[in-house]
Amino acid sequence: MEGKISHPHALGLGGRPGCKDLRRGLEAAVIGEVHENITLPCGDISGPRGLVTWYRNDSEPVFLLSSNSSLPPAEPRFSLANASSLHIEALSLQDEGNYTCREVLNETQWFQVWLQVASGPYQLEVNISTTGSLPNGTLYAAQGSQVDFSCRSNSRPSPMVEWWFQAPHSRNEPFGNNLTVSCFTLLLMSRNLQGNYTCSAMNMLSGRHRKVTTELLVYYPPPSAPQCWAEMSPGLFKLQLTCRWDGGYPDPDFLWTEEPGSVVVGSSKLGVEMLNQSQLSDGKKFKCVGSHVVGPESGASCVVQIRSPSLLSEPMKTCFIGGNVTLTCKVSGAYPSAKILWLRNLTQPEVVIQPNSHYLITQNGQRSTLTIRNCSQDLDEGYYVCRAENPVGVREVDIWLSVKEPLNIGGIVGTIVSLLLLGLAIISGLMLYYSPVFCWKVGNTFRGQDMNDVMVLVDSEEEEVEEEEDAAGVEEEDANEREELPKEIHKHGHIHRVTALVNGDVDRMGNGLQALQDDSSEQQSDIVQEQDRPV
């Protein structure tokens, strides 16, 4: 590449020592790059040129080239261009310095040229202290970590280095610049600092520009524990194990094992595994272990335990002809949730009952009901089967439905009333038969006596009968008297006489008491006489 020339400016007039002629000096600045070619002009004069000689100004002038063909160039890299300009091939840093051109035509003129040689930037080196890198070279840092950035290049003169950041779906933004090296630190990486980081180095002398862009990802584990569950596979009678650990970046890896024993079932990025029924049994446990690139080393886990269903239902139900009845079936303990079906246990027990105008099937969670409308004895009476099935097992329960004629409520009520009346009549008859005295007293009570005018007196004197022969006669006579006088009561071999005062008539009470005593004396005399009578 040919070097560029800065605008020339006059240095002034002056004489060169040892020269008698008048000279004019002009200075030009030319910039070239290492390994490139450059041409240095000898003034800005147009037209015929005189004898031209080029020198390198070190401590003393050094001859380089002359238009006089008898003088060979100092190096093959030097040649004359346009009859006056110095052409240098394959520039090196050692070529930088001041060059002088002397031209002799009518007079001798001197022209000075300042050559600057630029190098780079080459080997742009970007360092980002991150957590790790992916197989494709992409760098990643953990959220909350500290990240150091630095950018260096081999350049002369030292380049200006700039950092630019571009977040996803946004434009570039500068971080800052430094003329020699750019280093900075992000103390707390966050998600919004994920994106492309570009280091740009520019040689301010040559204008050469070079940049390197590095993608930096910010990883973070899920904030909560993983969740796992088991369910029936759609369309297939298989068990589907699903594990989710959401909220992190990137997605974690999942490993399913059978416990105990940590027997590997499968691993994937999706966390989904399909198991056949041959791999299942009631109470078996499966463990899901989620691992994240910046998460805990031991990962995070959750466990599911599968269970076969259990059924609860009423064994018998009754429906009246023309009415409706609802059969209920409840599933408990099933994991994953069981599928509930209703069947008829007839000639084709595997035919599933489908909802229609006669059968209404509803399900709420693990509770299902079968409503039979307009019951018919010929069509609906019999066994119904409630079946619950999941990949772990199948359970069935039979329900017997009895269809009967509607009940005659009026007839039932009449029958009950008749039975009550009959029972009352029987009880009354028994009372009349076994307790006539009680009935006689009850009759007297209802004949209108004033209960407030009745006072009962009880004689507590006891009469002892010493001889066993007399006792038999006394008991026989007392029995006769009890039929005539119901107020005389025998209790434990003693006689208690009762006198009633009626309507306050004290005289009648005394007469009655005296009569009772006289009768008692006469009866005792009769008994003695009877005993003395010869047989």
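Cβ atoms are placed via backbone N, Cα and C, with glycine included.
Nobody curates TrEMBL annotations by hand; they come from automatic prediction.
Not measured: the values here are computed from a predicted model.
The annotation compositional bias 'Acidic residues' is assigned in TrEMBL to 462-481. What TrEMBL records for 17-102, 121-213, 221-307, 309-402 is domain 'Ig-like'. Marked as region 'Disordered' by TrEMBL: 462-489, 509-535. Under the heading transmembrane segment, TrEMBL lists 409-434.
Residue counts for the domain 'Ig-like' (309-402) under DSSP, helix first, then strand, then coil, are 4 helix, 56 strand, 34 coil.
For the domain 'Ig-like' (221-307), the predicted model reports an average pLDDT of 92. The DSSP breakdown of the domain 'Ig-like' (17-102), given as helix, strand and coil counts, is 3 helix, 40 strand, 43 coil.
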